[in-house]
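Student: Once you've had a glance at the structure underneath, I'll fire off some questions.
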Ligand code: DSN
């Protein structure tokens with residue numbers, strides 16, 4: 001795409017916005033400037049293409065389209081049908097799935113759709129059959145009361161938060177934890193790796209309705225074939241949340257036992273992380289759960305966002321191009337180069353390295369909490385997020401870890417040599433930051449001391465590193 005077309009498109013859009021609320025136009029321009037200037041290492045972020053971004057700003061935003069393709073609760077959805085069907089088609093082809101539901105607005109929404117599809121299939125449908133009625137409205141008050149209690153009394157087994165699992169996999173602060181009786185499987189304290197024998201043991205003891213795999217801070221591959229065998233051995237439905245690594249599945253870096261799609265009954269994902277699409281979610285499944293999944297809206301979702309489904313179609317079409325596989329491989333090469341660079345400089349990494357897109361640093365070796373490290377890095381132009389490490393002594397707020405990921409910088413074009421330079425910058429900041437104290441002299445888990453000259457110097461080096469890899473080179477806002 002030519003520099004002119006994309007620059008003109010974004011410039012014109014900003015001009016139109018500026019005429020109504022200039023502060024919003026300014027904030028949009030400032031966001032691009034900030035993203036261009038910082039070393040973005042947040043493992044769950046990326047840079048969507050100009051085509052994907054532009055697809056979200058149009059008339060589709062005005063349309064209500066509850067229901068599914070060809071079966072809507074509103075008239076006039078023919079164009080929404082076109083883009084929703086396209087997005088689903090691309091998703092099915094890309095991931096080799098027989099059914100794709102592209103309406104979820106986010107990852108949590110996708111997981112809720114999946115949970116309720118499983119509950120409907122495993123709990124509600126048998127209850128309707130037993131009562132010899134077609135739908136819940138036909139149940140007697142007594143049968144409805146009994147069904148509601150049964151729906152609320154099911155079990156889920158998922159990866160523990162501090163081992164890298166996700167809040168939506170049954171943890172109490174999230175609605176999933178209020179819906180399910182949840183137990184966790186962790187990782188081996190010695191290696192940091194999933195111990196499949198322990199998972200099998202936990203499944204045998206707990207007998208969950210749902211076994212969930214997937215993570216947001218586990219730096220290794222998961223063997224989904226083994227996980228499916230475990231689920232089958234206890235009659236559980238096997239669900240995989242591949243939000244973090246969907247791009248690696250799409251790009252065929254994770255294949256065979258490490259591709260969740262052929263092994264799981266149902267797979268959820270976001271579309272904006274390593275997959276590099278618009279912010280949103282998606283569910284993939286086989287024919288057995290397809291009808292239940294398609295009831296996601298209006299069961300748990302508000303009206304679908306047709307402009308975002310259109311952008312999903314564009315991004316998924318991009319991910320089907322041959323160069324996406326190369327991108328996905330470079331994400332992993334970069335994460336491994338970053339991990340090696342950090343290990344060489346003495347940083348402690350959970351599991352000792354990575355085979356996906358993320359690296360989890362245990363910063364207690366630097367004498368810091370995750371919060372102190374995160375802020376010191378931010379002062380130096382390096383954007384990361386703090387994250388718990390297994391058996392974290394500092395809890396989920398302060399933490400002892402920093403999670404870094406390479407999808408965004410890889411999109412920008414940085415390679416393994418730049419990852420080594422990035423490791424040097426991270427190590428410089430962390431090794432020169434010391435914990436601060438509270439006003440009463442007690443040690444603080446949040447305050448820290450970093451010489452501003454060091455932060456400044458690292459920030460300049462980060463800017464220099466990025467200068468060779470301009471972000472959105474075809475977009476000049478003038
Ligand atoms: N917030 C996402 C992440 O950073 O991993 C997942 O919900």
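The backbone N, Cα and C atoms fix where each Cβ goes, and this holds for glycine too.
Grabbed the feature section from TrEMBL, which reads as follows:
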DOMAIN    19-120  domain 'Serine hydroxymethyltransferase-like'
DOMAIN    153-426  domain 'Serine hydroxymethyltransferase-like'
BINDING   161, 165, 166, 167  (6S)-5,6,7,8-tetrahydrofolate binding site
SITE      272  site 'Plays an important role in substrate specificity'
MOD_RES   273  N6-(pyridoxal phosphate)lysine
Student: What is the set of residues, excluding 161, 165, 166, 167, whose C-beta falls within 8 angstroms of the centroid of the C-beta atoms at the (6S)-5,6,7,8-tetrahydrofolate site?
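Tutor: Apart from the listed residues, the neighbours are 158, 159, 160, 164, 168, 169, 171, 215, 216.
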Student: Give the number of CB atoms, excluding that of residue 167 ((6S)-5,6,7,8-tetrahydrofolate binding site) itself, located within 10 Å of its CB.
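Tutor: Around the Cβ of residue 167 ((6S)-5,6,7,8-tetrahydrofolate binding site), 17 other Cβ atoms lie within 10 Å.
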Student: How many whole Å apart are the CA atoms of residue 166 ((6S)-5,6,7,8-tetrahydrofolate binding site) and residue 273 (N6-(pyridoxal phosphate)lysine)?
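Tutor: About 15 Å separate the Cα atoms of these two residues.
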Student: Could you give the number of helix, strand and coil residues in the domain 'Serine hydroxymethyltransferase-like' (19-120) as assigned by DSSP?
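Tutor: Across the domain 'Serine hydroxymethyltransferase-like' (19-120), DSSP assigns the residues as follows: 60 helix, 9 strand, 33 coil.
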Student: Roughly how many Å separate the Cα of residue 167 ((6S)-5,6,7,8-tetrahydrofolate binding site) from that of the residue listed as 'N6-(pyridoxal phosphate)lysine', to the nearest whole number?
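Tutor: Cα of residue 167 ((6S)-5,6,7,8-tetrahydrofolate binding site) to Cα of the residue listed as 'N6-(pyridoxal phosphate)lysine' measures 17 Å after rounding.
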Student: List, in sequence order, the same-chain residues at least six positions removed whose CB sits under 8 Å from that of residue 272 (site 'Plays an important role in substrate specificity')?
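Tutor: In sequence order, 45, 46, 48, 278, 279, 280 meet the Cβ cut-off.
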Student: Given residue 161 ((6S)-5,6,7,8-tetrahydrofolate binding site) and residue 273 (N6-(pyridoxal phosphate)lysine), what distance in Å do their CA atoms have, once rounded to a whole number?
Tutor: 19
Student: Enumerate same-chain residues with a sequence separation of six or more from residue 273 (N6-(pyridoxal phosphate)lysine) and a Cβ-Cβ distance below 8 A; give 'none' if the list is empty.
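Tutor: Listed in sequence order, they are 43, 44, 45, 46, 243, 244, 246, 247, 407.
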Student: Count the other Cβ atoms sitting within 10 Å of the Cβ of residue 161 ((6S)-5,6,7,8-tetrahydrofolate binding site), across every protein chain shown.
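Tutor: Taking every protein chain into account, the count is 23.
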Student: Far apart in sequence but close in space: which same-chain residues, 6 or more away, have a Cβ under 8 Å from residue 165 ((6S)-5,6,7,8-tetrahydrofolate binding site)?
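Tutor: When sequence neighbours closer than 6 are ignored, residue 165 ((6S)-5,6,7,8-tetrahydrofolate binding site) has 158, 159, 171, 184, 212, 214, 215, 216, 218 within Cβ distance under 8 Å.
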